[in-house]
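A.B. asks: Have a look at the structure that comes next, please.
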Amino acid sequence: MTMSWKLICKQEDLIEGAGVAAMVNGEQVAIFYVPESDNKVFAIGNWDPVGKANVLSRGLVAHLQDQWVVASPLYKQHFVLASGECLEEDIKVPHWQAKLEGNEVFIAAN
Amino acid sequence: MISSVSFLTTKPHLVVIGNGMVGHHFVEQMIAQAGHEAFQITVFGEEPYLAYDRVHLSEYFTGKGAADLAMTDGTLYDEHGVRYFTNSLVTEIDREAKTLILQNGESLSYDKLVLATGSYPFVPPIPGHKRDNTFVYRTLDDLDAIRACAKQVTRGTVVGGGLLGLEAANALKNLGLETSVVEFAPRLMPVQLDEKGGAVLKEMIEGLGVKVYTDTATKEIIDGESAFHRMNFADGSHLETDLILFSAGIRPQDALAHQSGLTVGERGGISVNNHCQTSDDDIYAIGECALWNNRIFGLVAPGYAMAKSAAGHLLGDVGVTFTGADMSTKLKLLGCDVGSVGDAHAQSQGCKVFVYQDEISQSYRKMVVSEDGKKLLGAVLVGDNSYYDTLLQYYLNAIDLPEQAQALILPTMGDAPVGLGVDALPATASICSCHNVSKQDINDAVCHGALSVGDVKGITKAGTGCGGCAALLKKVVDNELLALGVEVSTDICEHFAYTRQDLYNLVKVGGIKTFAELLNQHGKGHGCEICKPAVGSILASVWNDYVLKKEHISLQDTNDRFLANMQKDGTYSIVPRIPGGEITPDRLIVLGEVAKEYGLYTKVTGGQRIDLFGATLSQLPEIWEKLIAAGFETGQAYGKSLRTVKSCVGSTWCRYGVNDSMKMAIDLENRYKGLRSPHKIKFAVSGCTRECAEAQSKDIGVIATEGGWNLYVCGNGGMKPRHGDLFAKDLDDETLVKYIDRVLMFYTKTADRLQRTSVWMDGLEGGLDYLKEVVIDDKLGLCAELEASMQHVVDTFQCEWKTTLQDPEALKTFRQFVNYEGSDNNVVFVEERSQMRPATEAEKQQLIAKVG
């Protein structure tokens, strides 16, 4: 399987310790910049399946039980940034591999 | 003349006669089980008031009003189609025709009838018992009459030294009368206490200045020489007194049963079976008028249990029966603890007793145990009720006593744990007998997310009847929380082992300016959505930095992060500040124009402002540019901070206004508008005592008086309404502001995160008096610091939107997408009442289908 990296934006477009939204192939992606983490950047779907709105990029980033998560700004469920899994409910949002190279941000597009 | 009341309904007609605590509880039970759908329910009450809390009747003398004691204001009845009539005495039941006749001559038919007529006070037929200045103690009207008489006289006497008699004696004492109690039996509280217990209680009560005559029969009441009455006793002695209050027990109010030929007991009471049915299958009797197994139950909890079984039977649930009730009680009478459990008189066959008596500190305790010493059968407590809960649980649940059973009534020595840990209670243990709530019910409530005593009360109603189980309830809740692994910890979260108050002090004293610094010095890990916004708020309270600064932006919660209020579809609402609700026509037009331009849904808020809904993230800066150009500032509706100062128009326009509430409101709003606090804060200022601004429901309420301003603190509307406490009276402008500065800063400094002032006050040790000592008397020597802190916040105010518009870094964060100029296609609006609103899921699918 080949994986192609897609350039999304520059590092200066990101917000330290928080998320921004990007449009990738017609899909909304939430990109988080967490300088303290090993991976630095994460990408999950922007759609909140509980609140039913495109808002996850606007949630608060938290570190719980050794995982980086975002708390939905609507009803506060936590989604793991690395996997898209929800800590409270048996649901999952899409996630993509992401990387910061130089000052460019990429996600793995299919 | 007899007119007829008829109701147009096809449902069977259920009539409840009597609207006391039990009659009301019956209606509640019916409604809870949807009985109002099966029956047309009609309630008749003889008194002018709907049901009120007779258990706490005496509090009517210590500041509570009729409204505080009311168990309903009629809303519950109205909402469920229950008709109710006060001042309506039913005088006759015609069981053949199934009709009732009222005192006013009206008649109406019934299909099922519930008698909840309660009891009436027994007045011994002593010659002279009908003289003026003689009273009973049963209704609010009785209390009004007693109060009116007590104002004129100096001496009062209660005839009857039982539970209610002593309660009444306490009331007379509180009304400032020289008080005596005359009891026919050889001791006080003859039903609940044994001889020694009664003697100890007598001594304690006499120590409080109340004269007690036991073993005393009153022969007659005649004109007194030095007082209004003279009571002549059988032994030849006499007592002079101005006011006599009869409280010699109760008698079931069974007049209707006599009149209509229902079976009644030899000594009164309407005979009922286990479903509380009388000798007529269509008529039920519940509460103190009912006689079950030849017993009358004069407490509220058994009455509630009867109400439940009658309601169950009417609705086809025959499983809920009334089969007697525990009559154990604990009380504080005249400040003395008295408790009585089960067989207090040791009448069970072969029983043995343990007794502990301490004549120095005046306490007496007795345990009655079974012949084999294994079970507790009864107990008497005088002087210290802290032993009651444990004893009651042993008794009610028939738990085997420990080997050294006497330890249960011995004083605690050293650290040895005494009593029964709540985890030893079986799941079926009854914690609240008024509402029949078991330990299991509490466990269930906790498992379903009730994480505080308040939550558990709300769900189970435990602790909301007589309130006697409050301490036990708290222990059980804490224990359940612990058992579930919910640590009853005051740490704010896993990243900081500190309370919010600790963090505030660390930030202030350590001069800490950023979250990273605080985490580095005092925390661990990387923070979460609990500690980040809490610390963000503390940093703002102390240093008042711009909240979207690079080092603060990731701390801000949903609304603070974008300085607007996120709505369910991810769009925002915008609320500019309109201090005191005063706005010029020109500015009003600007709001209209902006709303029109961006197609925003427009609504006037509860805080006298205007809310514009439906702006997308990227529209926020553009809209604010226009608002600021027109002279508006941010309203901080998104922050845990001062929201609004609501105001009436005040003395400048109003015919009744006594002071300029408008100016005061605007000044206060402008002073405190920048303050970040543990939770949102609302103010109101009323220009006179008519209180049109509803200031008593606000965190800070100010009401104009002839002498200046009255200040109320810690009120709340919302989910748990609380009237503000009157903090200080007739203040001048300067003192008013000084006190508000101090109260708000003390709250900001000491409250828990997301704790409103009302809850803060309720949890403040020492309550209102303590707060007064801190703020008015400067007990903690803090006032100068509190004022300086507030002045710093006032001096460093900035409009966060103005700052944002000048900060390109901050503006960057308002882009909808970092790599695309389009908008969020999930934000869809439809029109309703000439404005737009978010489309529902179904509407969205329809709209998308059309487009597709």
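Placement of Cβ uses the backbone N, Cα and C atoms for every residue, glycine included.
Marked as [4Fe-4S] cluster binding site by TrEMBL: B:C648, B:C654, B:C688, B:C692. Residues or ranges marked as siroheme binding site by TrEMBL: B:C692. Among the features that TrEMBL reports, domain 'FAD/NAD(P)-binding' is placed at B:13-294. What TrEMBL lists as domain 'NADH-rubredoxin oxidoreductase C-terminal' is B:328-391. Look at TrEMBL and you will find B:431-477 tagged as domain 'BFD-like [2Fe-2S]-binding'. If you look up TrEMBL, you'll see B:567-629 marked as domain 'Nitrite/Sulfite reductase ferredoxin-like'. Annotation source TrEMBL lists domain 'Nitrite/sulphite reductase 4Fe-4S' at B:639-775.
Can you walk me through where each of these features ends up in the structure?
C.D. replies: Taken residue by residue with DSSP, B:C692 ([4Fe-4S] cluster binding site) is part of neither helix nor strand, so it is coil. There are 18 other Cβ atoms within 10 Å of the Cβ belonging to B:C692 ([4Fe-4S] cluster binding site).
Secondary structure of the domain 'BFD-like [2Fe-2S]-binding' (B:431-477) per DSSP, as helix, strand and coil residue counts: 25 helix, 4 strand, 18 coil.
For the domain 'Nitrite/Sulfite reductase ferredoxin-like' (B:567-629), the predicted model reports an average pLDDT of 96.
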A.B. asks: Which listed range (B:13-294, B:431-477, B:567-629, B:639-775) shows the maximal number of Cβ pairs under 8 Å with respect to the domain 'NADH-rubredoxin oxidoreductase C-terminal' (B:328-391)?
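C.D. replies: Highest pair count goes to B:13-294.
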A.B. asks: Which stretch from B:13-294, B:431-477, B:567-629 shares the most C-beta pairs under 8 Å with the domain 'Nitrite/sulphite reductase 4Fe-4S' (B:639-775)?
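C.D. replies: Looking only at B:13-294, B:431-477, B:567-629, the most contacts with the domain 'Nitrite/sulphite reductase 4Fe-4S' (B:639-775) come from B:567-629.
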A.B. asks: Specify all same-chain residues, apart from the site residues B:C648, B:C654, B:C688, B:C692, whose Cβ lies within 8 angstroms of the center of the Cβ atoms of the [4Fe-4S] cluster site, ordered by sequence.
C.D. replies: B:V649, B:G650, B:Y656, B:G657, B:S661, B:S686, B:G687, B:R690, B:E691, B:A693
A.B. asks: Around the Cβ of B:C654 ([4Fe-4S] cluster binding site), how many other Cβ atoms lie within 10 Å? Please give the count over every shown protein chain.
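C.D. replies: Excluding its own Cβ, the number within 10 Å is 16.
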A.B. asks: Can you check which residue among the binding-site residues B:C648, B:C688 has the largest number of Cβ atoms within 10 Å of its own?
C.D. replies: B:C648
A.B. asks: What does DSSP give as the helix, strand and coil breakdown of the domain 'Nitrite/sulphite reductase 4Fe-4S' (B:639-775)?
C.D. replies: 49 helix, 35 strand, 53 coil
